[in-house]
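Working notes, beginning with the structure itself.
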Amino acid sequence: MKRGKKTDDGSADGENDAGSASAKKAKKSKEPEAPVLYEDPPDKMTSKDGRSANMKITSWNVDGLRAWVKKNGLDWVREEAPDVLCLQETKCSEKALPAQITSMPEYPHKYWAASNDKEGYSGVAMLCKTEPLKVTYGIGKEEHDKEGRVITAEFPNFYLVTAYVPNASRGLVRLDYRKTWDVDFRAYLSELDIQKPLVLCGDLNVAHQEIDLKNPKGNKKNAGFTPEEREGFSQLLAAGFVDSFRELYPEQANAYTFWTYMMNARSKNVGWRLDYFLLSSSLLPGLCDNKIRNKAMGSDHCPITLHIAV
């Protein structure tokens, strides 16, 4: 599914980069501009209300678990050492999981969800240092759950939900489905939130505002930045959830988590912010930091990490 977005990303970004004929001429006569990169600031480990972070959660769309393991993704995980590791787009059935990850002693509690119908498609995972009270899969609707997109873990003070949200795809062929998903997923989260506050992490497959992608003008009709998808995200926020990165860094531009493999997009920082930690508003006082670990390689997404006092 993401392939469609990558092509769209690439063509839109390419058009924006190329510009008009006159711009091309001007480019020949001057040096190309240096890319504006995002430097992840030092980790903040204290919340607004003065508590120390006691939970560290990392989320990473690995774009194929088996390939990511071969690219030494687990070395980075061991260095980062989160309490919980959430992975999306694993593209791997449980029986095909690499031994390097299934045998990781650091995470004795491991949970996997894969697509029922298509091998090598979608899929999420959650690896925990301490055992959750309860773990469930999906959101209770077969049309969504057969694609292996959601795992929910209940901890004493909160729920943790990891999700790989469906991509609207090239030509927006799945946009109608995505709109249905957005409504059903929001209802699922709101129901959980009544019982306990929650943290949602994962690849939510939308850049919410123009600040969240490099080339907004060229991508308004492309998957991930359509008005419908952006409105779906706005409605999630209106339901009482908070984008923790924007809460902490409201004006921070050039902070992206996804770059197409094409056209050296990552080295030029032509990217999108598609990966998020959303929090129930009642967890906000304990928010310490939301990190974008954009130097970590191994996928077309980079990992993100949440520090929180719960």
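The backbone N, Cα and C atoms fix where each Cβ goes, and this holds for glycine too.
According to TrEMBL, the active site annotation covers Y164. Annotation comment: TrEMBL describes D203 as active site, proton donor/acceptor. According to TrEMBL, the feature Mg(2+) binding site maps to N61, E89, D203, N205, D300, H301. Annotation source TrEMBL lists region 'Disordered' at 1-52. Per TrEMBL, the feature site 'Transition state stabilizer' maps to N205. Annotation comment: TrEMBL describes D275 as site 'Important for catalytic activity'. What TrEMBL records for H301 is site 'Interaction with DNA substrate'.
Using a 10 Å Cα-Cα cut-off from D275 (site 'Important for catalytic activity'), the binding-site residues that qualify among E89, N205, D300 are N205. Ranking the recorded positions E89, D275, D300 by the number of CB atoms within 10 A of their own CB puts E89 at the top. Proximity to D203 (active site, proton donor/acceptor), judged by a C-alpha distance within 10 Å, picks out E89, Y164 from the recorded positions E89, Y164, D300. In terms of Cα distance, the binding-site residues that sit within 10 Å of the residue listed as 'active site' are N61, E89, chosen from N61, E89, D300. Residues near N61 (Mg(2+) binding site) in space but far in sequence (CB under 8 A, at least 6 apart, same chain), listed by position: L87, Q88, E89, Y164, G202, D203, F258, L274, D275, S299, D300, H301. For Y164 (active site), the number of other Cβ atoms no farther than 10 Å from its own Cβ, over all displayed protein chains, is 26.
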